[in-house]
Each structure stands twice: as structure tokens, then as C-alpha cells.
């Protein structure tokens, strides 16, 4: 209502105002021939954009029901946008063949909400089209039941969603009332957040009372989803290898929920102005150290994480992030997330307080995290609290690559392999040194070029003189 | 509460008490009001007492045995002499309002209270909840960074001390309770402690004692208690009613509020401001039933959707088990229509706000052949009690929540005043459509008269046209200065004669703004007249000014231009 009320004088009938408005706005927005036409005579009715800020709309009520004859300009449905309720009218004559989003359902702007058949004969055809899996899944994913427990809703008739949920067995709510994961118990704010962040509640492990999902669980999960999407290159490599054997060629396989999360995060990352700074670091000393303490269970990942953390101590800005577009969020602890490829995706277990914990403990912790990740038993705080991400494809022999910045964090470092390189030394000789290339992608809103340069300089000093890594 | 406040300017209670005793003494000797100048307090009341009421000499302090024997001997037939002119059973806001007006009218008045003076409103309702809502409002302001920033303010994190908040509510209640008690004592109203039970016509037993008092007229004002549907187990800790919630003994992380009317809505405002998350359980198909649909929709957009609140509508809470043995509060929901099990909620607490039930048990209504309807005492439009044969019970009235006509503190008070008017010889019928109502959320909701659908239905039935005028708080300077432009005022009226049918306001201080409209309805002022009245600028009251001015009334102003006043 709010924006309708800029003037004190409003037409007494709000519906007439809404009508005029909706016809004006949607009329200009949508060309008369809808792109979603399958057969020339079955048309889709879309969720219109009723305001400039509207991204999704809720169906308040269907004015017409299935089978009703419609004439051009008649209102068909009342839609609640972020601002007001408005009548949406049809641009064509025909019959309302199938309603795809029921009353109370939510659909994204542009998503089909109903089918319009030109004559009665086509109603059946349209109905079957509406029930076809592709459209069903799109409406299912875009219309979570607003108040009822979403899992119950998903259970009913939306096969694709159910399958997706089954494909992600890793995390099921352990709430006693969840009836073996069928029911999701989430607090109102958690539900609201999940909807906002487009996170599926069924995949979140609740840490609230009796395993209830609370807001921070959703936030953590969303952040991890973002982190999980950190290094898509890393995911692509093993995934492709796998697909060689187990995938039916020529088929289209829908994303699992984890893959959908990756996809969303990847697209979202385009909204962040990133830039990259590379650096070549000599690793002879690090390699020597590694050889020396390898027997004590120390891993290269732990050494790299430790080195990065120590460099971050001196450059807190590189450990910061920009959450709202207006401010620096300086993180109080240095948590190094490291991308790990898993079957069907990737996850970023977090080495918390990597600057404070000694490298032996870090190594043990890392091993434990990797085992848990493979068993899909990571808890949200173990994969969603990273403040800086490492992606190491060096182990595959990759010498240099580029990582995408996970939304919500400030920087990610892509680590290439350490390779023997012929270098000219300062004293004018030619020598052989092990060198690796690192490439940091950062959010330029908070981290500037000089910040990264100085950070990398510090990092290279630490790696080239690694005595501090073992305290 | 207005009456209470005005009374603080009256002479001290002791002085009043003294004057009263003088009155009675004089009245034995003389019929002329000699004492008027002497006491100075409510002269007309005392004059009436002294000259017109020969019964007033009978003080309640007369020997008790005499009273009992009188009662026994005259059982069934009304006593000839009365202890009081007016006896009010229940010292809530309704009884208090009636008592004050009765004294003003010169009646010798007593009020019977079995619990604490002030009743629900003062002790377990409007008053303590306003204390909590005042805290909630400030918390909201302090937490709204965006809002503060736009005003140029910087505030570091706001926090609260639960006990401090709870104490504020308790202190407020006790302060108002004392004010109420003192105001009645000061005016010479006898406060009789104990539950009142009607023994027969004009005869009431006080408590379990054998104290029996007689009165010419009796008003039942026993009020109500929270209504708890069956299947719900109240433990006072995790499954609570408003009585417990107002003590604010704990602030749960997640609370389910059963019922989304005034009480539920206000508590959702308090709890969310203090950091709780709320789930509404509403039996009807939409939240906030009873509000004008348009106001309800806007209110939902402001008070529900952006807050940490979700809701289930069209469901009954069929069973609620309190938290115990480490298990949460369990709420079983069934579909309101099909009665099929629908869902189960597990929350930290549940507040039952499903309305209020009349408190009329043990009132002895059977002694005068009155049968309650769902506990409510049946009354006519003059609040006269109707017995089981449909006949009026003489000298017996029932006001407030106990009659269920309009369960609001100020409605009870208005009904009480109406009754006093009647028993003092002036016929009076309260126009309930002129009684405003308010919900003290942030922002507030207020209303008077009919909702738009009600008005349209009435218009259709009676053949008149109904128009609606609306104005936004966004158009009001004062609201914008406060950065509180969110709000809507709506006027429902007859364009033919300018009669105001209803006014609904959602916005800053809506509860204070409604009275211009309710007074206009009560006094029969038409839009064409009130629109010429002047409002100070810039004030929120201009919202109503705007509303009246935007109405399109065919009739012309009826009030003739008054004599010009030179300035």
C-alpha cells in the first residue's frame, strides 16, 4: 500500500487503482507475444513485476478458477508484491487452463503462474503441460509454503524436490520432532532468513534448543554455500573425472541442491567488484621444513594455512569483508577455509584461529575435518565460518589459476604447484629454485591493490623464511 | 485513566473523609445543605445527599446482626431501607468509573472487590501492558539503525534488563491501583473487601462472611478472566496467559501466540522488541480478525511481515503441553474446518491470547433467576439485567466484560456512567459505535464505529450510500518530522448527510488521534461541520483534519456562523 499513498487523496476503490497500475506496468514490461509459448495457443501467465523493487510475488487469490473463460483485460489473479496487492489481468482471450502456483504461493517475477488455453479443447493439454516435471519443479522451488513447515509441503507431490533432498543425505535435522528428518523445525526468523537467502531448511543442521534451526544456522549455512562455491575450478576437475564413468551421455541432469547453491553463489559473485594480484614465491625453505616435520603428521595444507594466517595478522584488512556495501567488517579471528572437492561438489572446512593454533594441532585438525567432509558430517561452524579461503589445485600439477571470490568474504587465494624453476639470482647467476605461484582474488570495495601487494610480500617472506611457522 | 488523573487535584483523602462524615451528621438534623461551603468538595453531591436522600443516614457501621435479621426476615422481598444507593460488585475500571459518577450524582456508593482494586485493566491488562509496550517502542527505536541514522543519531547497541522492564510494569500497575483506590476513598466510596454474591433483589453478601449489604441499585462489574480453550494446559511458566506474560518472568527465544487479536498483537510487539521470535496461531483465515480489512492488511505488512514473526492461520491449537523434562512446549494444530491434524509446533513458550471469558461464577445469579449465556450476563441496551424469562430484573445492572457487549475497560466505564445516569433519573443509552478502541503496537492501531464491510452492509440494508476517504501519514508534516510516515487513516461516511460511520487509523499515536472522531460520532457532529474546525499545525491531528477535508459530502455546514469574536 505504501507507495500508493503518496498523496492524501486516493481513489476510494483501491482495486481500480491497482488495475490501472498493473495494466500500465505489466503492459509495458511484457511484449504481447510471450516467449514461453510452447504451442502457439497455450500461453503462460507470468508473475508480473509490480514495482521496481519486486523480485517475487505472492498469490493472494485467484479471481478466476481453472476452466473459467477469460477475456482480454479481465483480472485473473491478485498478487501481493513487496508493496501492495494488485490485480493482474490477462492480455488474451481464452480459458484459464491450469493454475501452477496456488493461493498463498510465491513465485519469482517472470515465473509462470498459470496457463491460458485459447479454446476449451486445449485445456487438458495445458493441464498436462503444467504437471510436467520441469514446470512443476520450477514452481515448487519458487513457491515454498509460506507458513507451513516446508518439508511437509515438499513431501506431497513435488517429486524433483524430494529427489534432490534425498540426494543430499548429509544433513538432516536431528530435532526430535522432525520425525526422521521429514519435518523441519525452524524458528520464524530462521524460516524468513532461509527464504531470503534461498537456502533449503531441510539441509541445515539446527544448533538451537533440541536441534531447532535458528537464524545463525541459516546464516552459517548460506555463508558456507558461498564458500562451497569458492573454487569452481577445483570442483570441476574431479567432477569431470567422475562423470567419465557414471553419467549417461546426452542426458540433462538437474543440479542437486548443493550444486544449485554453487550455481547461485557463482552468479551472485558477479555482483562483487573483484580484482586479482599474483605473486611468485620461492618454496625451497618451506619444502625443506615440510620434509623435516612431515613425519610428525604435518601437512602442506596446514603449513600454507598457517603461513597465510600469520600474514593476515599483519594485514587485517585482507581478512575483512564487505557485508552491506557501506562498511568494512573486520573479523575478530582468522579462520582459514580450505576448499576440498567432495563427491558431487565441494566444501570448505575451516581451520579456526589458524594464527594462534600451532601447526601440529592444525594438521591434526585438518585431517579430522577432511575425514568428516568426506563422510558429510561437517557441522555448520566447521565449514561456514571462514574469513579467508585457500584453494590449492597445485596438488594436481596446476601451476596457476584464478579463483572466484565467495560472496561474504574479502579474499581467496589460489595456490598453484611448486615447481623447480630456473631463476636468475641476485648475484648474477642462474640457479634452480622451487617456486609456486599464488593468485589472490579480492573484493576491491574493502581490499585495495596495495593491501594485497603488501600482504603477498609478507606471505612470501614468511614462506621463504618459515621458521615462524613452527613457533 | 483520565478520571484518576483529574482526581489527583482534589483535596486530600482525609479532608474528604471528614467532610463526608459531617455531611451525614448534618443530614440528620437539617435538610439544608449548610455544609456546602465548609467542604468545598463536589457540592452538588453532598447537597443531594443531605437534602434528598433520607436513607443516607444509615451507615454501614450499624449493628451487623440487625442487617442479617433484616435480610432473613425479608428474604425474597426487597428491603425497605438500604445501606447504599448504589452497590457495585467489582472494582475494576468499569466499577470505578460508575462509582465516581455516582458520587458526583450524590449517590451513597459502595464498591465490592474480592481481589485487588483496579481489576484486569490496572493489574493484569491495559496498564502493565502499556508499560511493556513503552519499553518495546523505545527498544525498537534504538534498534532501528536505519531510522536513527536518517535522523542523524548514533546510538551504540541497545540492551535491556528483563527484571528492570518487569519492575516498570509492576510499579506502574501498583501506582495506578493506588491512584484508583485513593480516588474512591477520597470521594467517600466504601470499599468492601470480599467477593460479592447476590442473595436476592437488592441484597448482596460480601465474601464468605455473613456481612450482607443492601442497596437500591446494584451494578455487576465483575469483569473477565483470560479464556483458555480446552486441551490447553496452563502452567504459568511456559504455557501462559496474559496474566503471567505481563510479569515478564522470562523472555523466550521462540514463543507461539495463540490468537492474533489485540492482546496477541500487543504481546507480539513486546516480545519481538525484546528479541523473541513469534509464531501466531490463528483460527480464522486471516490474521487480525476484527480490524478493518484494509487496516489489517497494512498492519500485517508493518507489524508482522518485517518482524521475526511467522503464522499459521485457519488452525486451532487442539492441545498444548507445557515444557517439562527437557522437552519443549508442544502445540498440536488441527485444521479449523476439517479438524484434521495439521502440524505440531515445538516452541519455548506459548501465550494463550484467545480472548477473555466473563467472570460471573459464584455471583449468585441463580438467586435472582438469571441464566448466563456462555458466562455472560444478559442485558438490554440500558445494561439492565434480563432474567431467564426474558424479563428485566429491577435495580440490577451489569456492565463491562461481564456482559460481553464490548470488552474494553473504557466501554465498561462508559456503561457504568450510563447506568448511573439512569438510576439518577436521566435516561441514557450508550452508543457503542462511539466507543473507540486501540491496539498499542508500534505504530498504534485505533478505530471507532463500523469497519468498511460493516458500513457497506448497513448501507445496502438501509439504502444509503457509503463513501471512504483515506489519507496517509506520509502527507503529515509532524509524522515526517518524526520519520514515522508509515500509516493510514480511513474515514467511512455517508456522503449524503455527512454522518461519520467509522474511522480507522494505523500510524504514529493512532490511539490518541481517534478521539476527535469518536467524540464527533458520540455528539453527532457531521463532517461538513467538523471540517471547518481548526487544527494546530504541524500536529498529527492534522491527519484527521485532512481526512475530514477530503470527504465529499453533499450536505452543507449546518452550524450557523457564530458571533464574531474580536481578537
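Every residue gets a Cβ built from N, Cα and C, even glycine.
Because TrEMBL annotations are produced automatically, they should be read as predictions rather than curated entries.
Among the features that TrEMBL reports, active site, proton acceptor is placed at B:537. The Cβ of residue B:537 (active site, proton acceptor) lies under 8 Å from the Cβ of B:477, each on the same chain and at least six residues away in sequence. Secondary structure at residue B:537 (active site, proton acceptor), as computed by DSSP, is coil.
When other Cβ atoms within 10 Å of the Cβ of residue B:224 (FAD binding site) are tallied across all protein chains shown, the result is 23. Positions annotated as FAD binding site by TrEMBL: B:130, B:196, B:222, B:223, B:224, B:401, B:407, B:408, B:409, B:410.
For B:259, B:260, B:261, B:262, B:263, B:264, B:265, B:266, B:282, B:355, the entry in TrEMBL reads NAD(+) binding site. Residue B:282 (NAD(+) binding site) counts 24 other C-beta atoms within 10 Å of its own C-beta, drawing on all protein chains shown.
Residues near residue B:121 (disulfide bond) in space but far in sequence (CB under 8 A, at least 6 apart, same chain), listed by position: B:92, B:93, B:127, B:409. Among the features that TrEMBL reports, disulfide bond is placed at B:121-B:126.
Residues or ranges marked as domain 'FAD/NAD(P)-binding' in TrEMBL: B:84-416.
Per TrEMBL, domain 'Pyridine nucleotide-disulphide oxidoreductase dimerisation' is recorded for B:435-546. Per-residue pLDDT, averaged along the domain 'Pyridine nucleotide-disulphide oxidoreductase dimerisation' (B:435-546), amounts to 94 for this model.
Across the fold, the C-alpha of residue B:282 (NAD(+) binding site) and the C-alpha of residue B:222 (FAD binding site) stand 28 Å from each other. Sorting each residue of the domain 'Pyridine nucleotide-disulphide oxidoreductase dimerisation' (B:435-546) by its DSSP state yields 42 helix, 29 strand, 41 coil.
For residue B:222 (FAD binding site), the nearest neighbour among the recorded positions B:126, B:259, B:261, B:263, B:265, judged by Cα separation, is B:126.
For residue B:261 (NAD(+) binding site), the same-chain residues lying six or more positions away in sequence with a CB closer than 8 A to its CB are B:288, B:289, B:290, B:353, B:355. For the binding-site residues B:259, B:263, B:265, a Cα-Cα cutoff of 10 angstroms around residue B:126 (disulfide bond) retains B:263. Residues near residue B:265 (NAD(+) binding site) in space but far in sequence (CB under 8 A, at least 6 apart, same chain), listed by position: B:288, B:299, B:303, B:439, B:441, B:445.
When secondary structure is read from DSSP and collapsed to three states, residue B:259 (NAD(+) binding site) falls in the coil class.
Residue B:259 (NAD(+) binding site) and residue B:407 (FAD binding site) have their C-alpha atoms 16 Å apart, to the nearest angstrom. Those residues of the chain, other than B:259, B:260, B:261, B:262, B:263, B:264, B:265, B:266, B:282, B:355, with a C-beta within 8 angstroms of the mean position of the NAD(+) site C-beta atoms are B:257, B:267, B:288, B:353. Taking Cβ-Cβ distances under 8 Å and a sequence separation of 6 or more, the neighbours of residue B:130 (FAD binding site) in its chain are B:172, B:440.
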